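Presented below is the structure to which this report refers.
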Amino acid sequence: MTDFKYHYFLSTPYFLYFLHYSYLQLIHGDLRAMGFITRAQQNDGNTSTPVTTTTNTHDHLRNDGFGAKTNVSAGDNVGKMPSFGQWIKSSLLDLVTMLCMGVVGLGVYFASPAPTRSFPIFFQDGEIVYPQFAYPLRRNIIPIWAAALMASLIPISLILLTQIHNRSFWDANNAIMGLLYSLITAAVFQVFLKWLIGGLRPHFLTVCKPRVPVTTLEETGKGLRNIMFDRRICMGNEKEINDSLESFPSGHSTAAFAGFVFLALYLNSKLKVWSNYHSAMWKMIVLWAPILGATLIAASLTIDEFHNWYDCVAGAIIGSIMAFSAYRMVYTSIWDYRTNHIPLSRESKSFGNGPN
């Protein structure tokens with residue numbers, strides 16, 4: 001199955017919310033999001049003024065365990081756990097946007113490559129011009145389904161695992177939604193680039209099976225000394241040819257970095273690796289482990305000759321940018337150890353005040 005279809009199937013928000021909602025009901029006997037900041041405080045029923053969160057940035061408590069503690073005032077609020085209907089109402093716009101992005105992305109994915117690339121085959125003496133595009137077609141070392149599973153389910157599993165300590169619905173909700181923002185936006189971004197720009201895979205000439213010398217006027221070479229051709233000289237499988245023309249950027253790399261960089265940012269917010277005290281070394285190892293995983297997934301594509309190195313670098317950059325953007329959308333900050341663990345609320349506080 002294609003990387004794009006797997007990406008959207010595994011990023012289905014409805015399934016993820018059911019999993020998350022059921023998990024929190026098991027550990028929250030009273031259905032209250034206790035939060036890693038403080039227990040929720042309800043508004044006075046006679047007033048509509050929301051309770052705001054103000055962290056005491058001067059009273060950071062040292063904690064070498066999993067999860068940081070920050071002193072807060074008694075008036076802080078992270079909201080109560082909503083019903084499923086309330087959550088749907090609050091998140092409906094995002095869910096519709098994800099669906100629309102999926103439809104648009106799939107439409108672009110199944111479209112034929114937009115540009116017609118010209119490429120040389122042989123020099124006049126018969127030597128191959130670009131041997132870097134003449135590698136044999138091989139199977140992926142890491143199948144796309146495995147890469148998609150790792151980029152989505154590993155971060156989600158660790159986010160839910162941290163709730164044993166944090167017990168915050170809104171922390172888990174914002175983290176999972178932010179992860180989906182990152183994965184889906186990165187997928188659509190890279191598939192548009194594949195369609196409009198693309199590039200030759202290392203095994204392009206193998207699947208193209210060019211018929212040279214050409215015999216018809218329409219298939220004669222172009223450019224200087226008529227050495228440039230287009231896909232019309234290819235005699236191979238059309239589906240494989242289309243795929244081999246869409247090497248840039250790497251979808252594997254984009255998904256891996258979109259998921260694992262987001263996970264690294266989330267772990268940093270909980271472990272406070274870069275804080276105002278000397279952290280334990282194991283925290284740094286845990287923080288960088290997801291980045292190592294993403295790098296190995298991307299690098300494997302150069303070994304199995306499915307991508308050029310620059311395809312993987314571009315995918316890594318796209319995925320990382322989307323991860324940073326998505327994290328900042330759902331949390332107060334990225335690098336400030338005093339606030340980067342605080343989930344942000346919606347602009348409209350329709351229930352439970354949400355996380356503040």
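Just so it is clear, glycine is given a Cβ too, placed from its N, Cα and C backbone atoms.
Just so you know, TrEMBL annotations never went through curation; they're auto-generated.
Note that this is a predicted model, so its numbers are computed, not measured.
Look at TrEMBL and you will find 179-327 tagged as domain 'Phosphatidic acid phosphatase type 2/haloperoxidase'. On the 0 to 100 pLDDT scale, the domain 'Phosphatidic acid phosphatase type 2/haloperoxidase' (179-327) averages 90 in this prediction.
The annotation transmembrane segment is assigned in TrEMBL to 91-111 (among others).
The transmembrane segment annotation in TrEMBL covers 141-162 (among others).
Remote same-chain residues near the transmembrane segment (174-197) are listed as 4, 7-8, 11, 13, 16-17, 20, 91, 94, 98, 101-102, 104-105, 108-109, 111, 113-115, 151-152, 155-156, 159, 246-251, 254-255, 257-259, 261-263, 266, 314-315, 318-319, 322-323, 325-327, 329-331, 343-344, 355 (criterion: CB distance under 8 Å, separation of at least six residues from the stretch ends). What TrEMBL records for 174-197 (among others) is transmembrane segment.
The feature transmembrane segment is assigned by TrEMBL to 250-268 (among others).
Sequence annotations record features per position, and here TrEMBL assigns transmembrane segment to 280-301 (among others).
For 313-331 (among others), the entry in TrEMBL reads transmembrane segment.
Here the domain 'Phosphatidic acid phosphatase type 2/haloperoxidase' (179-327) has, by DSSP, the following mix of helix, strand and coil residues: 102 helix, 7 strand, 40 coil.
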